[in-house]
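First up is the structure itself, then whatever we jot down about it.
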Amino acid sequence: MSKRAFNFCAGPAALPEAVLLRAQAELLDWHGKGLSVMEMSHRSDEFVSIATKAEQDLRDLLSIPSNYKVLFLQGGASQQFAQIALNLLPENGKADYIDTGIWSQKAIDEASRYGAINVAASAKAYDYFAIPGQNEWKLSKDAAYVHYAPNETIGGLEFNWIPETGDVPLVADMSSDILSRPLDISRFGMIYAGAQKNIGPSGIVVVIIREDLLGRARSLCPTMLDYKVAADNGSMYNTPPTLAWYLSGLVFEWLKEQGGVEAIGKRNEIKQRTLYDFIDASELYSNPINKPDRSWMNVPFRLADDRLDKPFLAGADANGLLNLKGHRSVGGMRASIYNAIDINAINALVAYMKDFEKEHG
């Protein structure tokens, strides 16, 4: 096999090599059954065992309390932008949203189709380079829920704290930072996460929802989008994305083998610190984000001269450092360093950046 590259893609993102090798070994013949997971009935004993283990492993990793349901759904996080409102926002009701970047804004725009949305705080006041402190927020006393995105993959902002919302359920889009470190699930009413960053391949979204929030869907909510229907049917109201579910389960197994989220969190802290420390010490590279609000998962950086962007990317590709181009809306570069990216990838990137700076700085 040719040497695998270091993949810094924001999503679909790198998967652990051990998971890919396991999937490869089981592709044609899962556990001696003579068929692939892709060919199994989702209601077979074999697949039900896969699904059950995946859920239990995720519960173990995040210490999910028993009064929360874990759902494996379709449509990605973008579908959740509507699904949340259809389930949790009553007719003539109101919800509070925190704006920290493009993904927050997409959630706000979609939810606005179904009710009154109060933007309780916005990072726009800081040009999206810092997160407004909670003392600046203007939360509604009668909000059905408070929604925020703990990590903005495009801008590179991340909360290092959990908002206080009292009795109002806190809803979080954790598509890009779930499983990156320990988390107190009990602080949230609901968490959702598209799989293709820290969970598995694209095609599935994980929803962790407190049981008392089920059964609130509006009359116009399609059956397929009703969280209670999904929970009552074990996430199998219709045929689920079985391959993505299976692969996500393999990632959960791998995470447990690595020592769980505590061990992964320590690795991630070292990874992000190594990269940011180099960028901050450099004269060629820069990161504009307020230091306490910097993302552990997505590190945007710019070169002092935009004319160097193309040669930088070409050289990176030649060195097996892939998908470093920043999002088209912000430009520059971005290194997405999710759980599957190890310190060797960070060291290789820093070494290349040093060499490039010596040549072009």
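Using N, Cα and C of the backbone, Cβ positions are placed for all residues, glycine too.
These come from Swiss-Prot:
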BINDING   ARG43  L-glutamate binding site
BINDING   ALA77, SER78, TRP103, THR153, ASP173, GLN196, ASN238, THR239  pyridoxal 5'-phosphate binding site
MOD_RES   LYS197  N6-(pyridoxal phosphate)lysine
So which recorded positions out of ALA77, SER78, THR153, ASP173, GLN196, LYS197 end up within 10 angstroms of ARG43 (L-glutamate binding site), measuring C-alpha to C-alpha? none
Neighbouring C-beta atoms (10 Å sphere around the C-beta of ASP173 (pyridoxal 5'-phosphate binding site)): 27
Fewest neighbouring Cβ atoms within 10 Å among the binding-site residues GLN196, THR239 goes to THR239
In Å, rounded, how far does the Cα of ASN238 (pyridoxal 5'-phosphate binding site) sit from the Cα of LYS197 (N6-(pyridoxal phosphate)lysine)? 25
Tell me, by DSSP, whether ASP173 (pyridoxal 5'-phosphate binding site) is helix, strand or coil? strand
Which same-chain residues, if any, lie at least 6 apart from LYS197 (N6-(pyridoxal phosphate)lysine) yet have Cβ under 8 Å of it: ALA10, GLY11, ALA13, THR153, SER175, SER176, MET297, SER336, TYR338
Here are the binding-site residues: SER78, THR153, ASN238. Which has the lowest count of other Cβ atoms within 10 Å? ASN238
As a test of the contact definition, list every same-chain residue at least 6 positions from ALA77 (pyridoxal 5'-phosphate binding site) whose Cβ is closer than 8 Å to its Cβ. TRP103, ASP173, SER175, TYR192, ALA193, GLY194, VAL205
Counting every protein chain shown, other Cβ atoms within 10 Å of the Cβ of TRP103 (pyridoxal 5'-phosphate binding site) number 21
Across all the protein chains here, work out how many other Cβ atoms are within 10 Å of the Cβ of ARG43 (L-glutamate binding site). 10
